[in-house]
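Structure record follows, encoded as structure tokens.
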């Protein structure tokens with residue numbers, strides 16, 4: 001019995017949930033000074049990085065052609081699905097932590113640590129790679145004099161290291177780390193200036209493109225493309241068409257447009273940094289959803305406009321993949337405009353760098369405050385900024401940018417981001433089908449009808465960790481759900497969400513690695529495809545039939561459960577597309593994370609310590625009560641440990657520092 005009890009106790013530690021109360025919201029040590037406009041600027045600056053100056057040309061030439069505008073539309077719709085899930089959690093749980101916190105309060109501590117640990121990796125690599133890109137852009141403007149100097153005197157000939165140490169990237173990272181340590185208000189002001197310049201440059205590109213553009217560039221015939229290929233002595237493609245496609249608006253067909261959309265999806269990554277500002281916004285319940293949705297809309301309009309202008313200015317097949325906009329302006333006779341584009345590119349890289357550095361210390365701060373990482377990272381300065389986490393993040397990112405060649409590591413950013421998107425969407429599904437939520441105390445009391453009251457369970461005012469709610473469901477809940485959510489319906493939905501993720505993973509692997517078998521109509525592949533599709537549809541429809549919680553918050557995801565389910569599908573499919581080398585590196589990073597968690601985090605978890613204190617108090621109380629009172633207290637405490645805790649709905653907080 002003892003080993004079984006120890007195993008059960010260990011399992012409870014892994015799935016214990018964080019409870020966020022009104023008291024903990026008021027206890028924030030960070031400065032609440034950001035406005036809705038600050039969040040929009042932060043989201044736009046982080047998302048609308050240098051990719052807008054490069055990605056459009058690359059995708060248009062290789063995948064989509066003029067239909068790149070459709071690719072960006074599809075990618076934007078897929079990104080909005082993830083954004084809406086973040087927006088609902090931002091309205092429900094306006095605390096620092098983003099996807100890490102949302103996972104912690106919904107599915108438990110282990111998944112929360114995995115999410116936070118991978119977000120740390122994503123932001124570190126993102127910060128370092130953007131800093132090196134900023135340094136490279138500056139070097140291009142100076143005719144590559146900086147790079148030539150360091151190659152001559154500081155060249156590094158070691159596998160895995162950069163060609164030369166990038167002092168410019170280090171100085172930039174440390175400068176921004178100092179700015180972020182000084183205060184969030186000052187950082188937001190600098191971000192708004194750079195974002196405004198970036199938007200103005202992109203507006204100039206759009207206007208110039210529509211003025212100098214030619215609609216004929218979208219109506220290029222297939223015969224014309226074949227003649228060009230023949231004159232260049234380039235062999236035709238496998239289907240006999242030109243290597244530049246069949247011409248027209250979709251030269252590579254709708255499959256090419258979809259392939260372009262998969263690439264363009266990553267252009268919208270970055271809005272999640274808004275969700276880390278929950279304790280620094282004056283009105284988080286409204287500001288965070290508005291900031292996320294508006295920033296994605298602005299970014300889509302920018303990507304749509306720039307890509308449309310670019311494919312009007314010059315034929316898609318002659319676009320330059322590395323510097324499409326400067327080459328396009330030279331093509332139409334506006335060569336000096338490339339300096340305007342260069343200035344906008346530097347501003348875009350600056351805001352993108354700030355957007356990567358801003359959430360990183362806040363994830364470190366949130367995990368350290370909960371005890372899952374080292375406590376010194378939770379120190380706050382007199383200006384109410386997470387200074388220890390900010391400086392630590394800056395030093396780590398600076399070392400990465402200084403020494404390493406990050407090209408091989410960039411794909412690892414995608415794992416952390418896509419995993420976070422998937423978990424947040426799954427958490428929204430689980431959350432919305434839970435029994436009634438209250439503001440501070442246990443939200444579901446199954447003993448109420450039997451005992452007449454659950455006052456003894458609700459008497460404690462402080463937050464409690466929740467472990468091992470009563471799982472299990474009946475066939476009646478499956479085939480004939482009740483009108484209101486119950487413990488059984490909530491357990492059923494939680495199980496089905498996990499099963500749906502498993503089915504989507506299998507479907508993604510099949511359509512990725514068995515696509516040729518499906519194309520050849522092989523029986524086994526078609527049978528598996530039909531099985532996965534039927535089961536996915538059945539699971540989603542079963543979830544749809546379950547009763548939802550009717551409590552309202554400032555923002556709620558529409559079209560439940562279809563929208564979050566489709567978001568999970570998109571994210572898992574994109575994760576499966578990553579290379580085996582990327583997953584091997586990811587496994588090494590996760591092994592390091594599990595070492596830290598099981599050696600330090602699981603023993604220092606604030607939620608675990610709170611639970612131990614509560615158990616000690618209950619033991620002392622039980623020793624001094626009568627036998628009848630002792631029995632009643634044990635029953636109440638048993639319920640308190642079993643009830644399913646979920647995020648609270650907070651009153652709006654609008655006070656300013």
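Numbering starts at 1 and runs along the chain as it is shown here.
In case you wondered, yes, glycine gets a Cβ from its N, Cα and C as well.
Annotation comment: Swiss-Prot describes 157, 227, 239 as N-linked glycosylation site, evidence class sequence analysis. Positions annotated as phosphoserine by Swiss-Prot: 24, 463, 645. As annotated by Swiss-Prot, topological domain 'Cytoplasmic' applies to 1-38, 88-104, 185-192, 270-289, 361-385, 431-489, 545-554, 603-657, with the evidence given as sequence analysis. Under the heading topological domain 'Extracellular', Swiss-Prot lists 60-66, 126-163, 214-248, 311-339, 511-523, 576-581, citing sequence analysis as support. Look at Swiss-Prot and you will find 39-59, 67-87, 105-125, 164-184, 193-213, 249-269, 290-310, 340-360, 386-406, 490-510, 524-544, 555-575 (among others) tagged as transmembrane segment.
When secondary structure is read from DSSP and collapsed to three states, residue 227 (N-linked glycosylation site) falls in the helix class. With a cut-off of 8 Å on Cβ pairs spaced 6 or more residues apart, the transmembrane segment (39-59) and the transmembrane segment (249-269) reach 3 or more such pairs and are scored as touching. Only residues 6 or more beyond the boundaries of the topological domain 'Cytoplasmic' (545-554), in the same chain, are considered here, and those with a CB under 8 A from a CB of the stretch are 88, 91-92, 285-286, 289, 431-437, 477, 481-486, 489, 492-493, 560, 649. Contact between the transmembrane segment (193-213) and the transmembrane segment (290-310) is present: at least three CB pairs lie under 8 Å, with pairs separated by 6 or more positions in sequence. Scored on C-beta pairs under 8 angstroms, the neighbour of the transmembrane segment (490-510) with the top count among 164-184, 249-269, 524-544 is 524-544. Sequence-distant contacts of the topological domain 'Extracellular' (126-163), counting only residues of its own chain at least 6 positions beyond either end whose CB sits under 8 Å from a CB of the stretch, comprise 49-50, 169-170, 172-173, 342, 345-346, 349-350, 352-353, 356-357, 360, 393, 397-398, 400-406, 408-410, 413. In terms of C-beta pairs under 8 Å, the stretch of 67-87, 105-125, 290-310, 340-360, 386-406 lying closest in packing to the transmembrane segment (164-184) is 386-406.
Of the Cβ pairs linking the transmembrane segment (290-310) with the transmembrane segment (340-360) and spaced 6 or more residues apart, fewer than 3 are under 8 Å, so the two regions do not touch. Per DSSP, the topological domain 'Cytoplasmic' (361-385) is made up of 13 helix, 0 strand, 12 coil. Following the DSSP three-state reduction, the secondary structure of residue 157 (N-linked glycosylation site) is coil. In summary, the transmembrane segment (67-87) lies against the transmembrane segment (249-269): three or more C-beta pairs, each 6 or more positions apart in sequence, are under 8 Å. Long-range contacts of the topological domain 'Extracellular' (576-581) within its own chain (CB-CB distance under 8 A, at least 6 residues past either end) are made by residues 262, 408, 411, 414-415, 505, 508-509, 512. Only residues 6 or more beyond the boundaries of the topological domain 'Cytoplasmic' (185-192), in the same chain, are considered here, and those with a CB under 8 A from a CB of the stretch are 31, 33-34, 37-38, 41-42, 45, 179, 351, 354-355, 358. Within its own chain, the topological domain 'Extracellular' (311-339) is flanked in space by residues 53-54, 56-58, 60-62, 65-66, 68-69, 204-205, 208-210, 212-215, 217-218, 220, 225, 228, 244-245, 251, which lie at least six positions past its ends and keep a Cβ under 8 Å from the stretch.
Sequence-remote contacts of a segment are chain residues at least 6 beyond its ends whose Cβ falls under 8 Å from one of its Cβ atoms, and for the topological domain 'Cytoplasmic' (88-104) they are 17-18, 20, 24-25, 28, 30, 111-112, 115-116, 119, 272-281, 284-286, 288-289, 292, 359, 362-363, 365-367, 370, 420-421, 423-424, 427-428, 431, 553-557, 647-650, 653.
DSSP states for the topological domain 'Extracellular' (576-581), grouped as helix (H, G, I), strand (E, B) and coil, give 3 helix, 0 strand, 3 coil.
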